[in-house]
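Asks: Handing you a structure now.
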Amino acid sequence: MRDVTLSCSFCGKSNNDVGVMFTERTTCICDECVAFCVEVIEERKAACPMIRRLDAWLAAQADEKSRRDKVAEAEFNRGYVIACCNLVNLFDQPVYAFDLLAALGVTKQQVRAMDLAGYDEAALRKIEQGSGGDSPYRTVRSRRL
Ligand SMILES: [Zn+2]
(Lines of atoms letter the chains of each structure in order from A and count residues from 1; the text may use other names and numbers.)
(Lines give C-alpha, C1' and ligand atoms only; values in the text may rest on other atoms or scores of the structure.)
Protein backbone atom coordinates (compact mmCIF):
# COMPACT_ATOMS: atom_id res chain seq x y z
CA MET A 1 0.00 0.00 0.00
CA ARG A 2 1.29 3.40 -0.95
CA ASP A 3 1.24 6.28 1.53
CA VAL A 4 -0.58 9.27 0.09
CA THR A 5 -0.19 12.71 1.54
CA LEU A 6 -3.16 14.98 1.08
CA SER A 7 -3.24 18.70 1.69
CA CYS A 8 -6.27 20.70 2.75
CA SER A 9 -7.31 22.89 -0.19
CA PHE A 10 -8.21 25.68 2.25
CA CYS A 11 -5.43 25.83 4.87
CA GLY A 12 -2.78 23.66 3.27
CA LYS A 13 -2.23 21.34 6.25
CA SER A 14 -1.36 17.76 5.48
CA ASN A 15 -3.55 14.83 6.47
CA ASN A 16 -0.78 13.89 8.93
CA ASP A 17 -1.37 17.15 10.83
CA VAL A 18 -5.17 17.01 11.15
CA GLY A 19 -7.71 14.60 12.59
CA VAL A 20 -9.80 13.92 9.50
CA MET A 21 -9.36 14.94 5.88
CA PHE A 22 -12.45 14.92 3.65
CA THR A 23 -11.71 14.45 -0.01
CA GLU A 24 -13.68 14.76 -3.22
CA ARG A 25 -11.58 14.00 -6.32
CA THR A 26 -8.94 16.76 -6.27
CA THR A 27 -10.36 18.87 -3.44
CA CYS A 28 -9.68 18.27 0.25
CA ILE A 29 -10.86 19.94 3.42
CA CYS A 30 -9.61 19.17 6.92
CA ASP A 31 -11.74 18.82 10.04
CA GLU A 32 -10.36 22.11 11.41
CA CYS A 33 -11.54 24.02 8.33
CA VAL A 34 -14.93 22.30 8.50
CA ALA A 35 -15.21 23.33 12.17
CA PHE A 36 -14.27 26.90 11.23
CA CYS A 37 -16.94 26.94 8.48
CA VAL A 38 -19.57 25.62 10.87
CA GLU A 39 -18.61 28.33 13.36
CA VAL A 40 -18.97 31.06 10.72
CA ILE A 41 -22.33 29.69 9.61
CA GLU A 42 -23.56 29.53 13.23
CA GLU A 43 -22.42 33.13 13.84
CA ARG A 44 -24.30 34.32 10.75
CA LYS A 45 -27.38 32.40 11.77
CA ALA A 46 -27.20 33.87 15.27
CA ALA A 47 -26.88 37.38 13.83
CA CYS A 48 -29.98 37.03 11.66
CA PRO A 49 -33.26 37.49 13.58
CA MET A 50 -35.23 35.72 10.86
CA ILE A 51 -33.06 32.60 11.12
CA ARG A 52 -33.25 32.74 14.93
CA ARG A 53 -37.05 32.81 14.73
CA LEU A 54 -36.99 30.00 12.18
CA ASP A 55 -34.72 27.91 14.42
CA ALA A 56 -37.03 28.54 17.39
CA TRP A 57 -40.05 27.58 15.29
CA LEU A 58 -38.32 24.39 14.05
CA ALA A 59 -37.37 23.47 17.62
CA ALA A 60 -40.97 24.03 18.75
CA GLN A 61 -42.24 21.88 15.87
CA ALA A 62 -39.80 19.11 16.79
CA ASP A 63 -40.95 19.26 20.44
CA GLU A 64 -44.59 19.12 19.37
CA LYS A 65 -43.92 16.17 17.05
CA SER A 66 -42.09 14.36 19.82
CA ARG A 67 -45.00 15.01 22.21
CA ARG A 68 -47.55 13.78 19.62
CA ASP A 69 -45.42 10.67 18.89
CA LYS A 70 -45.35 9.82 22.59
CA VAL A 71 -49.13 10.25 22.89
CA ALA A 72 -49.69 8.11 19.77
CA GLU A 73 -47.34 5.41 21.08
CA ALA A 74 -49.10 5.40 24.46
CA GLU A 75 -52.50 5.08 22.75
CA PHE A 76 -51.17 2.29 20.52
CA ASN A 77 -49.74 0.42 23.51
CA ARG A 78 -52.98 0.88 25.45
CA GLY A 79 -54.89 -0.71 22.56
CA TYR A 80 -52.41 -3.58 22.52
CA VAL A 81 -52.75 -4.16 26.25
CA ILE A 82 -56.54 -4.29 25.88
CA ALA A 83 -56.12 -6.75 23.00
CA CYS A 84 -53.82 -8.84 25.18
CA CYS A 85 -56.45 -8.89 27.95
CA ASN A 86 -58.94 -10.16 25.36
CA LEU A 87 -56.41 -12.80 24.29
CA VAL A 88 -56.27 -14.04 27.86
CA ASN A 89 -60.06 -14.02 28.26
CA LEU A 90 -60.87 -15.64 24.93
CA PHE A 91 -58.04 -18.15 24.56
CA ASP A 92 -56.42 -18.32 28.02
CA GLN A 93 -52.98 -17.42 26.61
CA PRO A 94 -51.30 -15.22 29.29
CA VAL A 95 -47.77 -16.22 28.28
CA TYR A 96 -48.44 -15.33 24.66
CA ALA A 97 -49.94 -12.00 25.76
CA PHE A 98 -46.89 -11.43 27.96
CA ASP A 99 -44.58 -12.11 24.99
CA LEU A 100 -46.53 -9.71 22.77
CA LEU A 101 -46.15 -6.91 25.31
CA ALA A 102 -42.48 -7.78 25.72
CA ALA A 103 -41.97 -7.59 21.95
CA LEU A 104 -43.49 -4.11 21.99
CA GLY A 105 -41.23 -3.08 24.87
CA VAL A 106 -44.23 -2.30 27.07
CA THR A 107 -43.35 -2.29 30.76
CA LYS A 108 -45.54 -3.11 33.72
CA GLN A 109 -45.11 0.47 34.90
CA GLN A 110 -46.57 1.70 31.61
CA VAL A 111 -49.47 -0.74 31.95
CA ARG A 112 -50.13 0.47 35.50
CA ALA A 113 -50.02 4.08 34.26
CA MET A 114 -52.73 3.20 31.70
CA ASP A 115 -55.11 2.66 34.64
CA LEU A 116 -56.68 -0.45 33.11
CA ALA A 117 -57.11 -2.27 36.43
CA GLY A 118 -60.79 -1.43 36.36
CA TYR A 119 -61.01 -2.68 32.78
CA ASP A 120 -59.70 -6.17 33.41
CA GLU A 121 -57.71 -6.65 36.60
CA ALA A 122 -57.95 -10.47 36.40
CA ALA A 123 -56.50 -10.66 32.86
CA LEU A 124 -53.73 -8.18 33.72
CA ARG A 125 -52.77 -10.27 36.77
CA LYS A 126 -52.68 -13.44 34.63
CA ILE A 127 -50.44 -11.70 32.09
CA GLU A 128 -48.08 -10.50 34.83
CA GLN A 129 -47.91 -14.02 36.26
CA GLY A 130 -47.49 -15.46 32.76
CA SER A 131 -43.72 -14.98 32.99
CA GLY A 132 -41.25 -13.30 35.24
CA GLY A 133 -43.36 -12.33 38.28
CA ASP A 134 -42.55 -8.71 39.11
CA SER A 135 -40.07 -8.07 36.29
CA PRO A 136 -41.04 -5.73 33.46
CA TYR A 137 -42.50 -7.37 30.38
CA ARG A 138 -39.46 -6.46 28.34
CA THR A 139 -37.13 -8.78 30.29
CA VAL A 140 -38.59 -11.74 28.39
CA ARG A 141 -37.50 -10.13 25.16
CA SER A 142 -33.95 -9.43 26.31
CA ARG A 143 -33.60 -12.98 27.62
CA ARG A 144 -34.29 -14.31 24.15
CA LEU A 145 -31.71 -12.12 22.40
ZN1 LIG B 1 -7.85 22.91 6.44
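Cβ from N, Cα, C; glycine included.
Checked TrEMBL, it gives:
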DOMAIN    1-49  domain 'ClpX-type ZB'
BINDING   Cys8, Cys11, Cys30, Cys33  Zn(2+) binding site
Asks: Below 8 Å Cβ to Cβ and six or more residues apart, same chain only. Which residues does that give for Cys33 (Zn(2+) binding site)?
Replies: Cys8, Phe10, Cys11
Asks: How many neighbouring Cβ atoms, not counting its own, are there within 10 Å of the Cβ of Cys8 (Zn(2+) binding site)?
Replies: 22
Asks: Could you check the binding-site residues Cys11, Cys30 and say which one's CB has the fewest neighbouring CB atoms inside 10 Å?
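Replies: If we count Cβ atoms within 10 Å for the binding-site residues Cys11, Cys30, the smallest count is at Cys11.
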Asks: Which secondary structure state does DSSP assign to Cys11 (Zn(2+) binding site), in the simple three-class scheme?
Replies: coil
Asks: Give me the sequence-ordered set of same-chain residues, not including Cys8, Cys11, Cys30, Cys33, with a C-beta within 8 angstroms of the centroid of the Zn(2+) site's C-beta atoms.
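Replies: Nearby residues not in the site list: Ser9, Phe10, Gly12, Lys13, Val18, Met21, Cys28, Ile29, Asp31, Glu32, Val34.
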Asks: For Cys33 (Zn(2+) binding site), which of the three DSSP-derived states applies: helix, strand, or coil?
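Replies: Assignment for Cys33 (Zn(2+) binding site) reads helix.
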